[in-house]
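Enquirer: Got these off TrEMBL a minute ago, pasting:
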DOMAIN    1-340  domain 'Major facilitator superfamily (MFS) profile'
TRANSMEM  12-36  transmembrane segment
TRANSMEM  48-70  transmembrane segment
TRANSMEM  197-217  transmembrane segment
TRANSMEM  246-273  transmembrane segment
TRANSMEM  285-306  transmembrane segment
TRANSMEM  318-336  transmembrane segment
Amino acid sequence: LQVYISEISHPGVRGMLGACPQTMAVLGSLILYALGKTPLLTVLLWQGWSWTGAVAGEVPVLAMIVLLCFMPDSPRFLLSQGKDDKALGSLCWLRGKDTDYAQEYEQIKDSVRKQSRRVSCAEIKDPFIYKPILIAVGMRFLQQLSGVTCVLVYLQSIFKKTSVILKPEYDAALVGLVRLFSVAIAAVSMDKAGRKILLFVSAGIMLVSNLTMGLYIHFVPASLNGTIANKTLVSSANLPAEPTNYITLIPLLATMFFIMGYAMGWGPITWLLMSEILPLKARGVASGLCVVVSWLTAFTLTQFFLRVVEAFGLEVPFLFFAVICAGNILFTGCCVPETKGRSLEQIEAFFRTGRRSFMR
């Protein structure tokens, strides 16, 4: 999906459109959560009518199938198949008849002509091929090592461990709202501020959040986080009221800021940059490699998270994530090119020649 969006988008709005899948995914999760809290649906599920949820889930799928029939093929794909007339018609439909789409068409055609063959094993040694692939794979690897999957999967356990003043049923709603707000910020500012500045800000926020969480867990005594429910099995009605310990807001705020930082940078931008910088002849295989590396890293990290917590304590993973986020800042500054407002052909020319004039 990200590759398709990058190929049909105008450079001026590619960032905003590239953030749309993340925005819609988070919005869909919030809608499902809201539906799950409605009294009518709760009654239906309680009475065993779980098929209603399955039927409701088919509605957006059917709508997507119908809408896909009206989506044009990518001009770059059509040109790679030798369908020049259809490619020109597709670009005309995407850009509008009143725009100068003919010049863009010639640039795309020239780029496709230079990369008409599939990438061979010998060509992988070419910096034009392996550099963008390494950058894309490295970003997906570092994104998962920052700990986002572990935090989202074990969110309730982390909140329970740190005795956060928050009911478990509110976790999904709060996380969803923070992610939706942050992705919206990224979508609006990506084509104005640029990709790299958002990656710097995102990694910086995640660094501070993970460091705060690790230091809080390490230095704050567990007794300060204890609640009445954790101290005794006696009914709380017979116990005097204790003042709320607002220090437990620290891990809550740290987690929320971590999710916000991730969602406004290293979440959506890594997917977008992957589709922007990968060379056309290796885009399909390389994007698949990025996805495999991403989810293998997430799976491995999730499996080892609980073992590390049991062996060394909860603060160790968060301090490790903080170190990775510091590495993300260095990686962004040294390796990631700024692609704001650049056509895919300009980005390819930059990696092919190494001349920064193509990116101006």
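The first residue you see is number 1, and the count goes up from there.
In case you wondered, yes, glycine gets a Cβ from its N, Cα and C as well.
Burial and contacts for the listed features, if you can.
Expert: Sequence-distant contacts of the transmembrane segment (246-273) (same chain, six or more residues past either end, CB-CB distance under 8 Å): 2, 6, 14-15, 18-19, 21-23, 26, 135-136, 139-140, 142-143, 146-148, 151-152, 155, 158-159, 162-166, 174-175, 178-179, 181-183, 185-187, 190, 195, 198-206, 208-210, 212-213, 216-217, 220, 224-225, 328, 336, 339.
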Enquirer: Do any residues of this chain, six or more beyond the ends of the transmembrane segment (318-336), have a C-beta under 8 angstroms from a C-beta of it, and if so which?
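Expert: For the transmembrane segment (318-336), the far contacts come to 135, 138-139, 142, 145-147, 195-196, 199-200, 203-204, 206-207, 210-211, 213-214, 217, 266, 273.
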Enquirer: Within the same chain, where does the transmembrane segment (12-36) have neighbours whose Cβ lies under 8 angstroms from its own Cβ atoms, ignoring anything closer than 6 residues to its ends? I mean 6 or more beyond.
Expert: 1-2, 5-6, 42, 56, 60, 172-173, 176-177, 179-180, 183-184, 186-188, 190-191, 195, 263, 267-268, 271-272, 275-276, 340-341
Enquirer: Taking residues 6+ outside the transmembrane segment (285-306), which of them lie with a CB under 8 Å of any CB in it?
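Expert: Beyond its ends, the transmembrane segment (285-306) has Cβ neighbours at 2-3, 119, 132-133, 136-137, 140-141, 143-145, 147, 149-150, 153-154, 274-275, 278-279, 317.
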Enquirer: On the 0 to 100 pLDDT scale, where does the domain 'Major facilitator superfamily (MFS) profile' (1-340) sit on average?
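Expert: A mean pLDDT of 79 is what the predicted model shows over the domain 'Major facilitator superfamily (MFS) profile' (1-340).
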